[in-house]
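Contents: one structure, followed by commentary.
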Ligand SMILES: O=C(O)/C=C/C(=O)CC(=O)CC(=O)O
Ligand SMILES: [Ca+2]
Ligand SMILES: [Mg+2]
């Protein structure tokens, strides 16, 4: 591994989620160049990787054969498919080029002008072409609270929860990038009697993370647990918007359908597993011994803070409604991936695995309104006179996440979305 100073020649605010210790990957366009292309971000500077490649600064990165082609594409799938080793070497090369001790980019005014763009002049797009999206349900606190909220105080964890990471197959086509507005869905709902059709009245968010697959596996062949992390590119924030009234009527026995398939938002920058490595922590104790195919080091969780803010419709008033942490997951990302493939299902480059809603163990650490309002039974004070049981039209959810100390933060930026009124029906 290359040793370099973790200070850059560029100014980086100590609170920035995008320190030199991070170097995530994304897809951007800019006011001066509308073509989508690959980039990284450092502080408030977006760095155009296609430009660095065409200037020859990314040759000699092991495994990165055609950086100009790979980084000129409108998604990161080709880059991700090169695998963890090459992703790591590329990130290290970028850290070297951006460090204060390296003269190459620092002293090249022309290239700095072409390759460094203010984040204000950039639009971020979905980083990957997502073929398939699977949403897991791996946080014990959430599963316990959601069971009670949906199925009554006597309900307990779903029967398989402690034995395997449970999941449903989600919808990839409606995954949108942060900032895309979310249309309140229409659907059938029932409170016990005759169902009625209309706009969702129990609009919810779910604070999750998503892991992107880099290395695919062959149909019929499972991924061994000790190789699972080689198949994971990195992570993003994920909001699995949920229409709780539509979901509760439709979901027996096959699981959520229209209650969750109308939109899922993700943050734009993929934070690599390498950047997250220093924040590895122990998974919670398991009640049962894991089956052999899921047995791995207990140090497979990540200590990443997650914050959920709500901006109240029609105002600038914003309040934090939840502060949780990725470490609350009962199952690791590696266990999710291995379990997904255990029967021979093939994952492909660009597939996205959602973790499920992440909640801590107290009321200020919950990841959705289903838990906060006990499925609409109690009102939640937001700020000033504003209170909510569910999201209203015009409300905005802003999720952020970060690990690490000031000046070396490894953060995700924002995952935000505003609720638009339902279409006329
Ligand atoms: O246990 C139940 O009956 C219902 C649980 C949920 O509704 C949780 C949910 O929406 C799954 C998810 O986190 O996506
Ligand atoms: Ca979910
Ligand atoms: Mg969804």
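Heads up, residue numbers simply count up from 1 along the chain you see.
Backbone N, Cα and C define each Cβ position, glycine as well.
Caution: TrEMBL annotation is automatic and unverified by curators.
Given the structure is predicted, the values throughout are model-derived calculations rather than measurements.
TrEMBL annotations:
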{"type": "DOMAIN", "residues": "21-127", "note": "domain 'Fumarylacetoacetase N-terminal'"}
{"type": "BINDING", "residues": "135, 206, 208, 240", "note": "Ca(2+) binding site"}
{"type": "DOMAIN", "residues": "135-415", "note": "domain 'Fumarylacetoacetase-like C-terminal'"}
{"type": "BINDING", "residues": "137, 151, 247, 251, 357", "note": "substrate binding site"}
{"type": "ACT_SITE", "residues": "142", "note": "active site, proton acceptor"}
{"type": "BINDING", "residues": "240, 260, 264", "note": "Mg(2+) binding site"}
**Request:** Run through the Cβ atoms and count how many others sit within 10 Å of the one on residue 251 (substrate binding site).
**Result:** 16
**Prompt:** Taking the Cβ of residue 357 (substrate binding site) as centre, how many other Cβ atoms lie within 10 Å?
**Reply:** 31
**Prompt:** Of all the binding-site residues given, namely 151, 206, 240, 251, which is spatially nearest to residue 264 (Mg(2+) binding site) at the Cα level?
**Reply:** 240
**recorded positions near residue 260 (Mg(2+) binding site) (Cα-Cα within 10 Å), from 137, 142, 240, 247, 357** = 240, 247
**Request:** Return the member of 135, 142, 206, 208, 240 nearest to residue 151 (substrate binding site) in space, with distance defined Cα to Cα and candidates limited to these recorded positions.
**Result:** 142
**Message:** I'd like to verify something. Among the binding-site residues 137, 240, 247, 260, 264, which ones have a C-beta closer than 6 angstroms to some atom of ligand 3?
**Reply:** 240, 260, 264
**Asked** Which binding-site residues from the set 137, 208, 251, 264 come near ligand 1, judged by a Cβ under 6 Å from any of its atoms?
**Response** 137
**Asked** Apart from 137, 151, 247, 251, 357, which residues in this chain have a Cβ no more than 8 Å from the mean position of the Cβ atoms of those residues at the substrate site?
**Response** 146, 150, 242, 256, 370
**Item:** Number of helical, extended and coil residues in the domain 'Fumarylacetoacetase N-terminal' (21-127), per DSSP
**Value:** 44 helix, 28 strand, 35 coil
**Message:** Just to confirm: which same-chain residues, 6+ apart in sequence, have a Cβ under 8 Å from the Cβ of residue 137 (substrate binding site)?
**Reply:** 143, 158, 161, 165, 166, 167, 168, 356, 357
**Least surrounded among the recorded positions, given as 142, 151, 260, when other CB atoms within 10 Å are counted** = 151
**Prompt:** Record lists 137, 151, 247, 251, 357 as binding substrate; longest Cα-Cα distance in Å?
**Reply:** 17
